[in-house]
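Enquirer: The following feature annotations were taken from Swiss-Prot:
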| type | residues | note |
| --- | --- | --- |
| BINDING | H153 | Zn(2+) binding site |
| BINDING | N266, D286 | Ca(2+) binding site |
| REGION | 62-73 | region 'Interaction with the inner capsid protein VP2' |
Amino acid sequence: MDVLYSLAKTLKDARARIVEGTLYTNVADIVQQINQVINSINGSTFQTGGIGNLPVRNWTFDFGTLGTTLLNLDANYVENARTTIDYFIDFVDSVCIDEIVRESQRNGIAPQFDLLRQLSNAKYKRINYDNESEYIENWNLQNRRQRTGYLLHKPNILPYNNSFTLIRSQPAHDNVCGTIWLNNGSEIEIAGFDSECALNAPGNIQEFEHVVPMRRVLNNATVSLLPYAPRLTQRAVIPTADGLNTWLFNPIILRPNNVQVEFLLNGQVITNYQARYGTLAARNFDSIRISFQLVRPPNMTPAVAALFPQAAPFPNHATVGLTLKIESASCESVLSDANEPYLSIVTGLRQEYAIPVGPVFPAGMNWTELLNNYSVSREDNLQRIFTAASIRSMIIK
């Protein structure tokens, strides 16, 4: 994997810098690196493809080295160099694709494609190494079972979950109290509702709680908390728990009270915030507990009082909501996030070439299903194929 990254980095730089009219002295270093690549791989033959609909392709390397000149690079020089560079880029791209579409239940962090294993041969160690990539650095650490670390922007750590639970309900669902939530990616929306607007709750205060487990520990997270849940606080037709009927959710928005957000690690509270909105910070956690209250307004104008009558029927649902977003965090495990297209690259290639479902990943690389059972085997394989995807992304930009 190191050789593949170094190849890609060298080729990317060469493609960008070796252009017509450039002084040779300004690109002499990258020309020497390209020549080192050529000398290392010349005489080798490789084969890619042969899995799913990925076509078999044979690769033969017999290229002359790039020459030197005292003048600017002319069109002939650049055309000759580009022919070599483009062939090598196509080769690296094919190797990346082959690695991305393979998986293994055992030692999934190690290269699975025979060709990539061949590139670890001592013959290719002369290729100029450049291991500045975060993915390459972490791949090397994981390969040695040492601690890794990824800085993530809006990490996709929460499996999709949209549901509700009722604290109180009537058969006709004309007097209900409960919570409704939507968890996905890096966002949690939670709303508490009560047809009676806490009329019969102790002290006219209805309490709600929502606990969200993470699939991995997050560290040094920046989190935002806002006192509303826009996706949930709209009129909606909701199925009953048994799925045999539906009921009308008709929310009237109130502001939540006594909001408390606790970040826990192994069941212990690490960071706790009370009655605070905006930007929060959490040191490390593997679950989040959110508690809040719906307080019946002690004084109401006639228009408001008409919304929340003292007796049935109760046409509306007094509703309070919160939105929590994990804006950034570090994690020892590889995850997809808002900054990187690697999950899309991996999923797209597997669909394009009709790669059969293997022993590790769910069909279609379903992210929710993958997270719900994020095993060590899945993590190892995901780190390897995301590393290959990061290399491919670099050369096809």
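Placement of Cβ uses the backbone N, Cα and C atoms for every residue, glycine included.
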Enquirer: Counting only residues 6+ away in sequence within the same chain, which have a CB under 8 Å from the CB of N266 (Ca(2+) binding site)?
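Expert: For N266 (Ca(2+) binding site), the qualifying residues are D286.
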Enquirer: Counting every protein chain present, what is the number of Cβ atoms, excluding its own, within 10 Å of the Cβ of H153 (Zn(2+) binding site)?
Expert: 14
Enquirer: Please give me the CB contact count at 10 A for D286 (Ca(2+) binding site), counting all chains in the structure.
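Expert: 16, counting other Cβ atoms within 10 Å of D286 (Ca(2+) binding site).
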Enquirer: Indicate whether H153 (Zn(2+) binding site) is helix, strand or coil by DSSP.
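Expert: Note: H153 (Zn(2+) binding site) is in a strand by DSSP.
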